[in-house]
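*Asks:* In case it's useful when we look at the structure, here is the feature table from TrEMBL:
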{"type": "COMPBIAS", "residues": "877-893", "note": "compositional bias 'Basic residues'"}
{"type": "DOMAIN", "residues": "159-208", "note": "domain 'Spondin-like TSP1'"}
{"type": "DOMAIN", "residues": "327-379", "note": "domain 'Spondin-like TSP1'"}
{"type": "DOMAIN", "residues": "594-652", "note": "domain 'Spondin-like TSP1'"}
{"type": "DOMAIN", "residues": "729-780", "note": "domain 'Spondin-like TSP1'"}
{"type": "DOMAIN", "residues": "990-1035", "note": "domain 'Spondin-like TSP1'"}
{"type": "DOMAIN", "residues": "1234-1287", "note": "domain 'Spondin-like TSP1'"}
{"type": "DOMAIN", "residues": "1361-1420", "note": "domain 'Spondin-like TSP1'"}
{"type": "DOMAIN", "residues": "1465-1504", "note": "domain 'Thrombospondin type-1'"}
{"type": "REGION", "residues": "871-893", "note": "region 'Disordered'"}
{"type": "REGION", "residues": "1565-1590", "note": "region 'Disordered'"}
{"type": "SIGNAL", "residues": "1-32", "note": "signal peptide"}
Amino acid sequence: MSASGLISLCFNENALSVCLLSVAGQWGHCMGEECGSGGVQTRTIWCVHREGWTTHHTHCQHMDKPESQRHCFKVCDWHQDLFEWDVSDWGGCVLVPFFANELLPRTAECITAQHGIQRRKVHCVRTSNRTTVTSRICEFFSQKPAVEQACLIPCPQDCVVSDFNSWSLCSKTCGAGLQHRTRHVLATPMYGGANCPNLTELRTCSSPVDCPAGEGEYQYSLKVGAWSECRLPHPKDTLLSGRTTVDFSTSHSENNTVTLHTHASHHHSHRHHHRAHKNPMSWELEVGYQTRQVRCTRSDGKNAMLSLCTKDNSPLTFQACAMPKDCQTSDWSSWSPCSKTCRSSDLSPGYRLRSRIMTQIPVAGGKRCPALEEKEACNIMGDLLPICPRYVWRATDWGECRILPLLSQQDRRQANISILCGGGIQTRKTYCVQVPDDSCCLSTIGVSRPVNARLCAGEEPPSAVQRCSIPCQHSCLLSQWSPWGACLHDNCKEPQGKKGFRQRRREVLWESSSPLETCPHLVESVPCEDPVCYLWQVQQEGRCVPAKSPCGPGTAVQSVTCVSAEGEDVPAAHCEGDPPPAELACEVACSADCVVGSWSSWSACSHSCATKNAEGRQSRTRTVLALPGKGGKECPAASALEEWRVCNDHPCVVFYWEASAWGPCIEEASMDFNGTSFGNGTPTCAMGVQIRKVSCTKANVGPVISKRCSDSARPETVRPCSLPCKRDCIVTPFSEWTACPATCMPGSSSRYRTIIQRSANGGQECPDTLFEERECESLPVCPVYRWRTHKWHSCILVPDSVRRGLPGPGEACGKGLETRGVSCVEESGESANMTECLRWAGPLPPQIRECRVACKDDCTLTTWSKFSECAGCGSSRSRKRSLSGKGRSKKKDHCLNEKSYPLEETETCPCDEFLSQPYGNWSVCILPDPSAPGSLKGWMSHREVKECGQGLRYRAVACIDQQGHLVDPTLCTDSGYMVEVCHIPCPLDCKLSDWSAWSACSASCGSGLKIRSKWLREKAFNGGRPCPRLDLKNQVYEAVRCHRECSQYEWRIEPWSICTINTVDDLPACGEGVQSRKIRSKGTTSGEAGSVDDSLCDQDEVPPRAQVCFLACPDDCVTTPWGAWSNCPLVRTRNRSRHILRHPASTSPACPDLVQSEICILNSTCFTYQHRVSDWSTCQLSENAICGQGSRLRLLDCVRSDGKIVELQKCQQFGLINKWKLSESCVVDCPVSCMLSDWSPWAECSHTCGSRGHSARTRRVLQEAHEEGRPCPNQLTQTKPCPVRPCYTWLLSDWSPCTVEGAACGEGLRRRNLSCVVHWGDGSKSPPQPVGEEELCGDKLRRRIQQEMEQPCFVPCPGDCHLTVWSSWSSCQLTCLEGRSFETTGRQARSRAVIIQVMENQGSCPHQVFETQPCKGGKCHSYQWRTGGWSNNVRAVWCQRSDGVNVTGGCFPQKRPTTVRHCHPPCMKPFSHCTPSGVCGCEKGYTEVMTTHGFLDYCTRTPGVDNNKKADVKTNSGRLKPGPSQAQDLFNEWTLRPVGPGTEMEIIFTAQPACLRSFLPLKHKPTKTTKTSPPPQKPLTLAYDGDMDM
């Protein structure tokens, strides 16, 4: 009983129906004092009215009250471990109605899926022995799992069948007969779809010719049954041993029954004969016999006397046969290791294989061999497997840097390769290694064992080419020399002796990065006398102050400081001797004293250095400013107005320190740098020292003693350095040995290793052996076994005991079988197991053949003669025989039939002449491969791969015999190829001219660029290096800085002459006068002596040649000349000043102004200055470099605000700081040519035979071309044809028609044959042609036992009801949802329909059958109803598949369109009919007149209508019925459209030549006007005046 109960009770009380329900609650827990079966469960019972309210329990009948208590098993907590739910897997999803064994009709279309249910079994079991106990025990601990659940099944798919084919011919040529037509199954019903309809349709037919009277009504046919199983004759066979025991009454239906599946092979009870010896040493075949039923059948299906069918010939009812032997196999081998041995991201399982071999070939229809190989999944989850190894690319060390590959052909011929430097390229080798998963990427170089590169195919290999550079000779860019400095002690801190040095310096503007070289010397010195490091510097701070009177002697205060040679203040103790006095005696001129001006600056030194013959001198002058008066102090003598002094008195000898290049880094014991380590603890390489020679060198002479040079400027001779690290050679471990060939095949195995780091600096050298090869371990020689055939036994016939009990010839003669034994022998001739020959000895020789024992009446013929001689290739030969004993033969005419007994045979003569013909196209030109064997295994080879020159191209040759058959190509040529020398044109690089001469400097004054260029001579050709970027003139240029002096010529000025005053009478020579000076043009460049033409100097800046001068008279005020003007930019005006040298006498005029001002005018009275830089030069490389690191430069100018370029010192005087960078590093991109890997080895042929085979090899791009490098060739893959080898294959013929031996109908066989054919393997050349030597295709017997060569079949007798042959397989169809399929395997179907020939035989007809099979490459199909046009309110409706095939089934039946159309109410008016739109209309020639409700009132004849049939309008003779086509019907209606803004409607009938327009006063809404072309005739218009009853 269920856990809760519900019992209802209904009764009639006062005519009201009352219903009371007994309701039971859930059972409570099992209660009891102890665990076990003594527990009690209770539940509550109450009485409920059907409307839901509870009532007293007396209202419910007591007899129907459910139990409220029951015994139970009390479960304790510890019982939980003893019991558990046992749950089975879910069953298949089944449609819900199938549980009730009924299939309800579908009322709604299934869209996606239909509901189903799946069930499983749930039991409560003991955990100890899995026995079932009551479910209540497990329910105490956990809820019972669900036993059923809903599931989804794809929508039902009805059976889909094709259209019927055409009707057959009438079964009788006279009188009444039958016709049939059939259709076939396209898709079988699935998921509850409708079953297939009848595949056959019958109809009676009759011939106009009556059957002649008196002729037999029936046809008689000899009908045979199937041959019985082959059996051995028993020694105790009785007379009836061979007789048939088949009941004729049942055999008829058995013969006509066709099973769904292929006929199974017969199995026999004699198998124990073969099982006795598992591995026999020889095979013998046994010959038995088989029988069959023969009867005479009438066309109505009844049996008749045999003599009505056989006439004279007795039918064959027995024959000899070979006893079947089943296939036998060895035991299974062990399972192979699982293909999946590790865990990876691929979740697919692995597989493993096992195999067995055939130990007995099946014979005579014996059981065919089972599968000889089995495959099963393994390691499906793979959780316990180790993680799969990872494969990553590794790379060797980079090879040496090489520049040669960057050179063009033109440069290679001209360059000195040994001194090349700058940018280059270096290469390395990549290889694939296996790494543990956790350390795949820790280091780039390791010592993992190399593996096949295919294992790394998923990853991008590291680059194999990179840029590098070779340092060029050191180059420094230096500034100009500074002026010579003061004469200083060599060491001012410790001055010694009276000899010193003057020095000048220069700076490094740009230095190339070459660590071993140094720049030229930067300091030059000359010896000098009396060096002074520190000097007293005196500056007058005040004017002369007279001691007593306003003029006369006095003192001037001056500041005294000690300064260094550089002008820096230092403590006074550094200066030697006493300091100059702080006060200096002076004199202020009195009014009558002579006044002399201050000294001028010293002139330029006449010589830069002192020689024996000349020394440098310079002078300074002063002038008289005022003449003395009476009693005044006189002016000094003229000689006192000029002073001379020696200058640049140092000798013309320059010394400097010459330093050689730094030597190599060497060890020095005193330097304890070894063992130092970085912070991370990794030891560094040892430290050493570099040494260089430093010598004092006299300019233009050579080395001199060291003391001639300044010791303080001596460069260092020793510096620390890092010793080059010792690098040992690092080699990968050897790869695994390559696999040895298959068993018992000779061969070798090899392995290799790769150098990943070359040794350096005394490290361990690399090993010599990088490639090893070894012979494979001594494999057993392939065993030699052969078949040994025994003698043929005598011909065996059917035993007499069998023959006598059956109808047929009683004579012991005719066809029989003869057999022979076969055994296996070793090479030595000893017997061996048969399985060894099956494996090694080739095809099994035939063991059985037909034979014949001559009968008395047989035709006897002589043996064949020898074949005639051959006359050569293409001829034929023949042999002959003749009849013998013609007189004794009773069938002389039969023997003379040469078709049955040919007397001559002809065959084509064998021919050894073959014809070779070229096949296919030539291959590309293939250059010889220069690589030596094993070169890939070692260090990178730096050979240049040649891409041009002489090569070979190949073309396949087909070898044809005299019959036109393809044969082995080696019969025609050695290699199977035509080979031809070919040439690949070499690439020609772009060629440029040599550099032109440098152009003039682009700036006429100051800094600029000068340019030189190359121009294009030859463009690149055949993939040569392209040209650099050319300008519009096809030129490429180079620019360097240049500087042109702005003042190459300057005005040289001599001192002013004495002021000349024109005196009048005896007046003193004072006041205004004139003074002049000489000015001449002179070049600024050194060595240009003498004057030049004045026009070469700037005419705008010609200094004045004369000026007004003033010589003060006695007692007048005397001032100094005007000082320099102050700077302009700070104030709008500039000033200059002067001071008084002599005060005037009291009687003389006062002194003039001491300060003068003027407004600043830009570019007139004042100028501004700024720095300007030139353009950058092009990147300048070392002369031996092609590319790489270089420098580019520019120059700095000082430009005045009026645009004039002035000396750079001008900008420095104004405090301008140069912020421009005048040199910088730059890079010239290297013209890297494309670099390719080596060609891979030629791959195996794509086809082992035929004309389509080709072999390919590939290479990959290691480095794409860059800049002007040679581009990559397009050809990264090369193919060449393979020799055209003949393809031999077994060709399986089509099934023959069903043949019944010795009878007209009944059980027969259809056969197919295997033939060895040769073809070209291209599918289109020529059809396969038979080959005489079948062994070229392999073992025919083995091939035959893999195929079904015979099938039982049935030839119906006249009148038999039978099945058709199988239809062709339908197209592959998938189960789809909305046009998409979720499966990869589809289904296809075929069927057999039932053919009834005589109605009387219907009862014995078999059922129609169909079958399905899985298929690949299916399509989704949808089905849709299609309709034809209406004709007399009837139309055709059919279902069409999405591929256009008309079918029955597939479309949803409830959506089928109607085929017949009806009008409601029926059209009863005269001349009316039902129109396609379902309303009543008038026939042609009549016009509808409608009621106000829109129904047809009556039909009136249309005036002037001839109906296109020239019918009389007045009569109805031209009236037409509705046409058959839908298109016509569409025009048989009236159309209404508005004709204006009013309420009239225009009615137009467009199907007629004359058109009636009727205007109806109807209310209407504006509608969209439809454009219609007006009819060609003038319409006839009738106006109606609003009759509403029209």
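Heads up, the Cβ atoms here are built off N, Cα and C, so glycines get one too.
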*Asks:* Cβ pairs under 8 Å with the domain 'Spondin-like TSP1' (159-208): which stretch of 327-379, 1234-1287, 1361-1420 has the most?
*Replies:* 1361-1420
*Asks:* Over the span of the domain 'Spondin-like TSP1' (729-780), count residues by DSSP class, listing helix, strand and coil in order.
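*Replies:* Across the domain 'Spondin-like TSP1' (729-780), DSSP assigns the residues as follows: 0 helix, 16 strand, 36 coil.
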*Asks:* So what's the mean pLDDT when you look at the domain 'Spondin-like TSP1' (990-1035)?
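*Replies:* Looking only at the domain 'Spondin-like TSP1' (990-1035), pLDDT averages out to 88.
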*Asks:* Using DSSP, what's the helix, strand and coil tally for the domain 'Spondin-like TSP1' (990-1035)?
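*Replies:* Output for the domain 'Spondin-like TSP1' (990-1035) reads 0 helix, 17 strand, 29 coil.
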*Asks:* Of the residues in the domain 'Spondin-like TSP1' (327-379), how many are helix, strand and coil by DSSP?
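*Replies:* Breakdown, helix to coil: 0 helix, 19 strand, 34 coil.
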*Asks:* Write out how many residues of the domain 'Spondin-like TSP1' (1361-1420) are helix, how many strand and how many coil, based on DSSP.
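*Replies:* Looking at the domain 'Spondin-like TSP1' (1361-1420) with DSSP, the answer is 6 helix, 26 strand, 28 coil.
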*Asks:* Across the domain 'Spondin-like TSP1' (594-652), what are the DSSP residue counts per state (helix, strand, coil)?
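*Replies:* For that range the per-state counts are 4 helix, 19 strand, 36 coil.
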*Asks:* Using DSSP, what is the helix/strand/coil residue split across the domain 'Thrombospondin type-1' (1465-1504)?
*Replies:* 0 helix, 17 strand, 23 coil
*Asks:* Just give the helix, strand and coil counts over the domain 'Spondin-like TSP1' (159-208), going by DSSP.
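*Replies:* Tallying H, G and I as helix, E and B as strand, the rest coil: 0 helix, 23 strand, 27 coil.
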